[in-house]
Amino acid sequence: KQVRFSDPNMPFFDYRELGLTGTKLGCAEGGCGACTLMVSKYHPHQNRIIHHAVNACLAPLCSLHHCAVTTVEGIGSVASKLHPVQERIAKAHGSQCGFCTPGIVMSMYALLRSNPQPSMHDIQEAFQGNLCRCTGYRPILEGYRTFTKDNSMLPAQKLYDQSEFMPLDPTQEIIFPPELMPQRELRFVGERVLWIQPCSLKELLELKATYPNAKLVVGNTEVGIEMKFKNLLYPVILAPAYIPELNIIQHTQDGKRVIYLKGSFCLSMLFDAVKKLPAHQTEVFKAVLEQLRWFAGQQIRNVAAVGGNIMTASPISDLNPVFMAAGCKLTVMSKGKRVLEMDDKFFPGYRKTILKSEEILLSIEIPYTRKYFSAFKQSPRKEDDIAIVTSGMNVLFKEKSNIVQSIRISYGGMAPVTVLATATCNRQWNEELLEQACTSLAEEMSLSPSAPGGMVTYRRTLTISLFYKFFLTVQHKLGVTVEDVRPEYATATELFQLDSPSGVQLYQAVPPGDNSDDVVGHPIMHLSALKHATGEAIYCDDIPCYENELRLALVTSTKAHALIKSIDTSDAMEVPGVVAFISAKDIPGSNLTGPVFNDETVFADDKVFFIFYILSEFSVTCVGHILGAIVADTQAHAQRAAKAVKISYEELHPVIVTIQDAIANKSFYQPVRSMERGDVAQGFKDSDHILHGKMHIGGQEQFYLETNCTVAVPRGEDGEMELFVSTQAASKTQALVAKALGVPANRVVCRVKRMGGGFGGKESRSTILSTVVAVAAYTTKRPVRCMLDRDEDMLVTGGRHPFFGHYKVGYMNNGRVNALDVTLYSNAGNSMDLSLSILERALFHMDNSYNIPNIHGTGYICKTNLPSNSAFRGFGGPQGMMIAESWMSDVALSCGLPAEEVRRMNMYKEGDFTPFNQRLDQFTIDLCWEECMQLSDFNMRKEAVEQYNRQHRWTKRGLAIIPTKFGISYTAVFLNQAGALVHVYSDGSVLLTHGGTEMGQGLHTKMVQVASKTLGIPCSKIHITETSTNTVPNTSPTAASVSSDLNGMAVYNACQTLLQRLQPCIDKNPKGCWEDWVKAAYFDRVNLSANGFYKTPDLGYDFNTNSGRAFNYFSYGVAVSEVEIDCLTGSHKNLHTSIVMDVGKSLNPALDIGQVEGGFMQGLGLFTLEELRYSPDGYLYTRGPGMYKIPSFGDIPIELKVSLLRDAPNEKAIFSSKAVGEPPLFLAASVFYAIKDAITVARAESGLTGPFRLDSPATPERIRNACEDKFTKLVCINFHC
């Protein structure tokens, strides 16, 4: 059967035009799980229906023929009936922004369809392909723990009532349609691609002979990525998923080998098949399983084929080194068969094999018995990550001896191909062999300093470290023949285990009162949580398409600093469906834009004249600089045309990428900020010791799961434009769009329903897309929509500012710090954006929580050729505090004193003054400190850590306690204002609008709680539809953690106005109800609509005089963390974290604890994991979850305790509450300094003591390189370090 199709390789996700918008797009590369759905199909070999979680962004629609596809809408809804999977994640507070929630729900649902009573290990494994940026993961796992057999680990004080959960009834699930069982050959013919699905091996071979260059696709996990992100085109695709001969696993009769056949024999099925083999036959298979445990996510393992892993010939393949070390044999077939050995000749070059173009891989033959066989993989993140170095190691001994007969060691990540180490030896398995092998590997596994992927020293060290692990493992297995491994070395042989996490949440419960409607202080569920879980929550791109709507794709610069010689759009305009190329010439108003300084442009422009779309010269200042945009009938056509635009450049120099580049070229924005208190020069003179230090803190991508999105709808008269935007700054979007269109702000309405995360990244940078889309809509006079792909979003929007600090510290013998001089540099990028305010906040927090009598700080804003960096949770505060903790750590190490004692000694006390001369009132950090010490059992934990470290050489544990003091207010005084509008309708229902936006933090929920308490009515009577500029004008961005404070008071004031108007009606009918009073007021012609306004009093700091009140108050917190590092690889485990956070009297403990845990996990990413990597030419390598790793489910502390400080009301905010969004993030520094503590112990084993530099994030590379030992020295000798 032949079917015509516009694009046969179109992923299933693009079929959302059916109206099923619950499935979300987070990355388009199978790395985040937001698009997870369940695919059910009949498996003829197993004679059963299998249910798999699959990524809709990768699964081609054509590949799902004969499959039943279940999306989140198919299992339950708020309107009808929830599925228990949906209910439990919502009621357990496992949803914040909700954008990732449908994908997590479907991963859990697919697991339950196959295993109705899973273990926690099964659940954790199922979520390896899902990411969440908001919650911190703990509540999701806790909610779903209720499906397991062992449900005994739930905390005593719970934020929800488990007895309310609906039971799971597997008999009520959807039945597989029997008509989907038959299978036959299909052909899908598209504009550029022919997709053929053969049904037999004979058909496949005939097709491969006809189309020798055709790609074989099973899971589309490689080809899909290549076609989308590398702009490759494969005109013919063969999909052998339903060929029986390629779907089986066979065992040979001699019992010596096992053969499994390639095709749609997916990795997860291999996992199940290998588990059934007897233990004595499975050494190689255990190694395969160990690699598969950490290979991608479950969604990828469910569709990716084993043969595909081999044939893609990736130099960092997880499995190829294992197959090569095991000496596996491959059977390939065309007209005939031949058998190939996987040896050093199998991969002749990068991404190449020795197979002929017409041949297919039929089977792979794997040996049963290999007693001494191990596999290793080292990656930045343990779960679902691309390897840095992989290895398979295999040794055979002469019978009944420890004399090596042969040894086979294979590495991935050390060359353009998987390589075999060629060195051989014929000697005893002892220390002499180890020394010889390590020396040989150090010489053989060499890399150029400029090798792709970088991390050259680390990768070379890993080759030796991993072999040492193998050496110890074999030595332990030899047992009787040689001396066993020394006890303190034993942990080096242990495989990484994924422990089930546990959590405790403590808060001050509100005592029962007279008014059951008063829910302030109660842990009520996020008001949209159920809609998140069912996919019914509407995000920007879920808005139904308008008639004649167009899609937009950006055209951006590929050079960081260059003159544009010409832009040729002729080829682009030939792409079907293209309507126009939009550029600076189309802007009716001003091309200048920017949130503060107007130092940016909507489109790169130098007021040049356009003739036939060939431009005169103008410049770009970063890779990702927006040059223009294509609008077309579909997103696919728009993106294809955007890639067809030809741009010629004349490159300019210098290209400034790093802070060091900026310092060298004196490339700074003005002004330079400074702050001083005390006499610094005299302070240094009075100090016993002075030390100097440096620290670099890397940038961070916000990685909101919902990328930037705008829908612009021209209204056809008076220049009116309606915008639906995913933004934290509705009024700023309105103002900048109006400026670009050349109309007053009253002609532009900006509407925000909700965001799938923001974290500061949508405070100002969202406007660069909104203005472009609005101009396109104005020009075409048609609605225009654009939701950026993840790689585009990461490219053009910037992120958290990288910081570099150097410091001079004067201190006394007892550790008391007497003087500090610190200089901070931030990497702003190619425009100012909000960088001045961010640098100022970093200076405001350069002391963290420590009282330094003589302190001076200076801050420089570096101008570089990167996309402009911007706001991110903490807004410069975490960077300033991180450098403070660096010098505090150095002081403790220099004095030889416990770090916790030095920190406690230097901490502020009630009534002390900050470097900016603000008095600390209601100072609670000492209370947080003492409670955190108790909550974590700090002293006992420290003794246990010290004992562990004495008993183990190659793994070390570390412990740290870190405080935080975070100032609450916008530092730009005028932003500390908010408005609200409250309508009471005649039936008693209330419509509430305020100036804040909902991005997952639960702001709307809290505002409804405030209104409910103030009006004395149930929350069910109050509704918030959206945030819009035509209801509340001139709103400040939802940022700086003050939105509950500001908007809460505005809502309170509006409600108080209404109550005053209603009071006469209440007095006349005191026994009446709310509806009675409202109806009476309506008939009495009382105005039942009121606006409220609030501004924070007594604010205003002046840098010139170092006077004035910078903040309304401070939020405080303390965290203790314990970690375990692997000194040989640099990996670490987060064993324990206890957090005590002062949030005043919590408005909603469930939301506040969610913010604490989510902020902590974001900080964990900042300080230990997330790394933005740029080329020297300013090109961003890390443009998606494949290369940029945020924390996953497996990164949360195994034990996590969170306590909200009791009896600490805050008189300066609504109902005595406190801000909670940003302050907890820095507490993740406790993990960083626990890692540094563990490294300190490891270094002491090599005779190294005293302060040492450890930059952030503390990646495996940095940890391993800091743990200097004989192996790192061996690499340095050979590498001439």
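Heads up, the Cβ atoms here are built off N, Cα and C, so glycines get one too.
Predicted automatically and left uncurated, TrEMBL annotations should be read as such.
Over in TrEMBL, the protein carries these features:
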BINDING   CYS27, CYS32, CYS35, CYS57  [2Fe-2S] cluster 1 binding site
BINDING   CYS97, CYS100, CYS132, CYS134  [2Fe-2S] cluster 2 binding site
DOMAIN    188-371  domain 'FAD-binding PCMH-type'
BINDING   LEU216, VAL217, VAL218, GLY219, ASN220, THR221, GLU222, VAL223, PHE295, ASP318, LEU361, LYS377  FAD binding site
BINDING   GLN728, PHE759, ARG873, ALA1040  Mo-molybdopterin binding site
BINDING   GLU763, ARG841, PHE875, THR971  substrate binding site
ACT_SITE  GLU1222  active site, proton acceptor
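Feature map: annotations from TrEMBL on the structure.
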residue	record	CB count, 10 Å
CYS27	[2Fe-2S] cluster 1 binding site	26
CYS32	[2Fe-2S] cluster 1 binding site	31
CYS35	[2Fe-2S] cluster 1 binding site	27
CYS57	[2Fe-2S] cluster 1 binding site	29
CYS132	[2Fe-2S] cluster 2 binding site	31
CYS134	[2Fe-2S] cluster 2 binding site	29
PHE295	FAD binding site	25
ARG841	substrate binding site	27
ARG873	Mo-molybdopterin binding site	26
PHE875	substrate binding site	27
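The two recorded residues, the residue listed as 'active site, proton acceptor' and ARG873 (Mo-molybdopterin binding site), show a Cα separation of 5 Å. The binding-site residues in question are CYS97, CYS100, LEU361, ALA1040, and the one with the fewest Cβ neighbours inside 10 Å is LEU361.
Within the same chain, residues at least six positions away from GLU763 (substrate binding site) with a Cβ under 8 Å of its Cβ are PRO595, GLN728, ALA729, LEU834, SER870, ALA871, PRO1037, THR1038, ALA1039. Neighbour density for THR971 (substrate binding site): within 10 A of its CB lie 21 other CB atoms from the protein chains shown.
Taking only the Cα positions, the spacing between VAL218 (FAD binding site) and CYS35 ([2Fe-2S] cluster 1 binding site) is 19 angstrom. Proximity note: of the listed binding-site residues (CYS27, CYS32, CYS35, ASN220), CYS32, CYS35 have a CA within 10 Å of the CA of CYS100 ([2Fe-2S] cluster 2 binding site), given in sequence order. Model confidence over the domain 'FAD-binding PCMH-type' (188-371) stands at 83, taken as the mean pLDDT rounded to a whole number. Maximum C-alpha to C-alpha distance over the listed FAD-binding residues LEU216, VAL217, VAL218, GLY219, ASN220, THR221, GLU222, VAL223, PHE295, ASP318, LEU361, LYS377 is 27 Å. Between the recorded positions GLU222, GLU1222, GLU1222 has the most other Cβ atoms inside 10 Å of its own Cβ, all protein chains included. Rounded to the nearest whole angstrom, the C-alpha distance between PHE759 (Mo-molybdopterin binding site) and LEU361 (FAD binding site) is 47. The [2Fe-2S] cluster 2 site, placed at the center of the C-beta atoms of CYS97, CYS100, CYS132, CYS134, has further neighbours from the same chain whose C-beta lies within 8 angstroms: SER95, GLN96, GLY98, PHE99, THR101, ARG133, THR135, LEU705, GLY756, GLY757, GLY1000. With respect to their backbone Cα atoms, CYS132 ([2Fe-2S] cluster 2 binding site) and CYS32 ([2Fe-2S] cluster 1 binding site) stand 8 Å from each other.
Neighbours of THR971 (substrate binding site) among the binding-site residues CYS32, CYS134, PHE295, LEU361, ALA1040, defined as a Cα within 10 Å of its Cα, are ALA1040. Around LEU216 (FAD binding site), the C-beta neighbours below 8 angstroms that are at least 6 residues distant in the chain are LYS208, ILE237, LEU238, ALA239, PRO240, GLY308, MET311, ILE360. Here the C-alpha separation of ARG873 (Mo-molybdopterin binding site) and CYS57 ([2Fe-2S] cluster 1 binding site) works out to 29 Å.
Of the chain residues outside the Mo-molybdopterin site list GLN728, PHE759, ARG873, ALA1040, GLY758, GLY760, GLY761, GLU763, ALA871, PHE872, PHE875, MET999, THR1038, ALA1039, SER1041, GLY1221, GLU1222 have their Cβ within 8 Å of the site's Cβ mean position.
In space, CYS32 is the closest of the binding-site residues CYS32, CYS35, GLU222 to PHE875 (substrate binding site), judged by Cα positions. PHE295 (FAD binding site) has its Cα within 10 Å of the Cα of none of the binding-site residues CYS32, CYS57, CYS134. Listed in chain order, the extra residues whose Cβ falls within 8 Å of the Cβ center of the substrate site residues GLU763, ARG841, PHE875, THR971 are LEU834, SER837, ILE838, GLU840, ALA871, GLY876, GLY877, TYR970, ALA1039, ALA1040.
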